[in-house]
Structures are given as structure tokens and as C-alpha cells.
Amino acid sequence: MPLPSRASSTPKISKACVPCRTRKIKCNAAVVGLPCGSCVSRECPDECVLSARKRRTVKGRNAEVPRSRKNIPDTNGSILSPRQQQLPTNVSRQTTDSSHSDPVEESIHASHTGSSLRNDTPHSRDRRPPGQAQADLLYLNILQDTVNDTSAAQTDASDHQSNDEPDDSFNSQIHHWNPPPQLDDVDNEYLAKKKVFELPPPRFMDDIVKAYFDYVHPFAPILNRIDFIQSYRSGSCCIFLLHAVAAAASLYVTHDVLIGCGYPDRSTAQASFFSKAKLFHDFHCQGDPLSMLQGSMILGAIILDHPSDRDFQYWFHNSVRRASKMGVQNACLRDDGSQKLYRRIWWVLHNRDIFHFFINTQNMRLLANAPPIRPLTEADWETEDIEQWSGILSPISQAQKVSLIAQCELAQIFGNVMSVVTSSNPSAEEIHKRILPLDAWRTSLPERMHLMASFAEGEIYHLEALTTSYRFECIMCRLLRRGRWQMSDGGLREWAQQRFRSAIFELDTIVKRVMINNMIQKLPTTFITTITALLALHIESALDAAESSLIRSMARISVQHTMLALDQIRDTPAIKRALPAFEIVLSKNKLYPMSTSDTEQINTMQTMSQDQALSDGHILQPPQTDMTLPQDDQSFLYGDFIGFDFLDRWQMEQLDFTGIY
């Protein structure tokens, strides 16, 4: 059956598109127009363009480029997304639009989806080389390799000649045999009713974007800030990515912004944005591959106030899948303008891969066999001119760059430690050797981040990095002293016990310092989840009969301080979800006064904790409680507090928020 032709709507094309020329494969753009069948089959139609020197606009591609925001009508003060403008018509790739995009918008859109045409094409950076096709089935993979190997020998002249031949491209044939799913009118109507294609009013959306770049992006710089702002302003930004950004930033915007967006609190706002992004993803409303990857990575760092099957583990796996499919690890090796962005993306994924495995060794390392790339440096950030966007973007500081670099180094240190402790015959000497660089790493941070003596904004990145390091040291030492890896060396367990207590003390100090400087609400989710893990460790120590009375008393005092910290961020969805579970545990064991009448007692314990001891040398003793628990409740003492297994034993819903690093 003859294939549908789009040539009638396009001018005569006498050469292959840029991606096909780069890959040295046949291009049927002369027959079907742009995007060609090869680019469509690889799900990268936005990358299908002619060489930049042609300087002409192909009408067939105009239907793929969203209109500028200035042409988008305002509905109840909300911005309509580019996709919503096409409703209720079908959104298949064959649908044409009579409107034409401004060439400037096309260049901005192309820049956001990969890079400008002045450098190598996004396809040449993001995609695997011709021997590594992306077919899902083995036989298709083999056939594609055969076709690509044959086509690779062709010259540009043969490419030019093949453009006038009938469409016999293997990739195009695969696309027509197995077309991607399309949304029908019912799907479009459902998504429209869910307001998936709508964004908050522009003035509030600007506040959300600014909050994202101020409080979220510095710890995971997976966006090219200038490209994102340009595509956002032009209205061509992927709606999935925008909803993901809004979900992450909803923790940091003011209450007035939440009200202006139509949400009464942070939990409702975050859940709404998260749900819209999830629907966009589940209905296969595909944006460009890079935006889908970035959005998945952002959603992978979000914890809702209720359980979800699409938790951070799901989005992390999805991010790795998309990154591998795009060939991000190969793009990191190229020397072009987009290399910096892809290197940062790959290192963020690499860090998460190690930390997810470190938290729970039952998790599989997804990137363990990935080819190594050179370490991240300060040169891996773009040189930006943000004067035009100064109302949204702030300059990137030295501390922000060093923060991610330090996280990468930390991941390498703990990755080396885990390779030893999980080996068949780990030795104490080897563990000591692998953990030794951690102390030097911590000592070097203040100088590398150019910190001042007084508490400044840059101190946030320093404290966040230290918090992550002490948290994972607690995890490792706690498991070592509990014999998790069958370590029979008594000296090693004593060493692990000492380092565990020192790390707990440092975490307590950091939390208090952040509270005193009123900075706790500006810290990322990774810091917030560390506070919950810290509280669980204090509860464990307070209820551990094997601990001395001194340790148990100090743990009880620390519980009060940690609960005060959580109270400062109780409107955060992750904490809102955790507090009821903690309150049940604490109330059941009389570790925390739950009534307002006990406020004075809390303040007294805070004052006494500063001096550590009374004037007569005795440690402050909490009210006597019956430490004998029912048999059903004793079992949680032997569970993993970091994973909150003890809550499962009380038939509480599983809380996965400590799993996020």
C-alpha cells in the first residue's frame, strides 16, 4: 500500500535532513517532506531540519512548532499550553495547521530541544552511533544494524541521489508498520477537563519558575537555564517539563502565589502539578526527548503527602531508561555546546544510582556498567548572559558549582566503600582505607566554596553537602555495627559505633544551626528527608535497651529538638505525611509530649541539653516510662529504621521518603 505523502505541502527538497546526513542514512524528506520518515521513526521529528545554510522555512514543519505565548488567549487568567490550542482536533503527526511560527520561535524551540544549528545537531549528540540502534526487539535491532551499515558507506552524493527515489527507508517502514499511539477526541477531552494543558497565570508562573531556579536547580542543574527561559517565554516549552518544575517549586513559593494559582496549601498544589505531569506522561503526550528526561528527573526528587505507585524509584528508573535511549553518556564525550548540559545530567543520574543502592542494597545498580566519563568541573556550566532575565534568574555562585561537584565526589567515595563491604571477604583495613578520603573531602569544602565566617547564602550548599555525607555515614556504620554484612571483627564494630555517634552529633548540630538562622525552609528535599531519618535514629537509640542510660537520655533530648525542626516545615508534603507516623511512635512510648501543657517541659529540656549535664554532674533524666513493650511492638526494634520497616509492622502505610537521598 502506498505510503501517505506530504510532499505536496513542501517545496522541492534536494538533499537529506541534517540528522540523516550525519548518520549517513537514506532520507525520504524529498518524498514526504519534513519531518522525514527516519526522524519520525526515531521519535525526534523536531530535530529533522535542513542544513542551516539553506536559511529557508519548510512549511511542513510549521505545524510542529507551537505558537508564541503572545498569541495564546487567556482563559480565566491561565496560560493555555501549545497543545491545548490544537483541541479538539486530533494531535497526530499527520495533522496540519494553517498557522505559521515565527522563525525566531523555531530557533528557540530547536535550541531548547537540544542546541542551536550552529553546532552539531542534537541528534548527533543525543543518539547512539549507527551500530547501536534503538529498536526494542532483537530482530529489528539486527536488521537496522544491517541497513545502517550498508547506508554508512554512501557519500553525500548518493544521499542526494536517494532523495529522488521512492520511500524505501527501513526506519520509515517500521514507523508506518507500527505507528505510535495517537490521542483521540475522548482522550483530549479528558485531559482538557483535568486541565493538563493549562498553566497558572503568567505572573504566578514566573514566581514558580524563579523559585525553581533559586531553590531546586542549584542542587540538580539538569536544565540549560537560558534555553529553558527562552522556550518558556515563547510558549514552546514542553508542558510535561513545566508541570514537573511547578511541582518541585511549589515547596518554596509564597502562600500568596499558591492562592493565586488556585491552591489552598502546598500539598494540594504539589499533588495537582504532579498529577498533571503524570497524566501527560501516561497518555504518551510526548514532548521532545530531552524535556521528557529532564521532567522525569525532577519528578524523581518529589515526595507527595500520600503514597503513589509512581514514586521516586519509578521516575529514577524512567530517567535512566530515557537517558540510555537518548545516548546521553555518548553525548558527554562530544566537544560541542551541549556537552556541558549532558555531562551534568549524566552525573546527577550517576549520583542517584549510587545513593539509591547505598540506601538499600536490594536495589540494583542501573549504571554500574556505564562507561566512565571524566569528573565534573566548574567549566561544565554554561557562560550565561542573564541581564535580560534578571527578574527570574540569579547568577550561579561558586558554592553552587562546587556543591554538585562535591556530591559527585561523595558518590564515588561511598561507591568505593560499598564495593568493599558487599564483597565476599571484606576486611576492616580495606574499609578504613576506603572511608579515609571522606574526612579530607569534608575539610576541603569551606575553602572550595569560598565561604565567609558569617552565615551566608552559600552556607546552605555547604551544609547540604555535609548533611548528605553524615547521613550516609550513619547508614553505613549503623549496618556495620548491627552485623548487616556478617562482619565478625569486634574492632570494626566498635569503630563503626564511634563514627556513627559522631555523625549523629554532627547532624544534630547542622539541624540546630539551620533552625537558628531560619534557613530550614530553603533547603532541598534531600535535607528534609535527612531530618526524618535522624529522628528515626534518635527513637531507635532511646528505645534500645542495649544502650547506656546516658545515650538513651541524650537521644530523648535530641528527639525534642528534631521534632521542633519538623514542626517548622510541617506544611511540606513529605513531613505532613511523616508526622502522624512519628507521633504515634513517640506517643506510644512517651518520648514526646503531645499536649500544649507540655510546652514548658520541652523548653526546659532544650535549655538543659545545651549544658549536657546538671550542676551536680547528673544527666537530666526524662520522666520514667514503662520500657516493656508488648510482643507485637518489640519486633520493630530489630527493623531497619532508615527504611521505616517498623511502621509496616504496625500496619502503617509504607513511608518511602527516607529512601530519597
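Every residue, even glycine, has its Cβ placed from backbone N, Cα and C.
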- Task: May I ask you to indicate which of 17-48, 401-432, 497-528 is given in Swiss-Prot as DNA-binding region?
- Result: 17-48
- Task: Sort the residues of the DNA-binding region (17-48) into helix, strand and coil with DSSP and give the three counts.
- Result: 18 helix, 0 strand, 14 coil
- What mean pLDDT score does the DNA-binding region (17-48) have in the model? 78
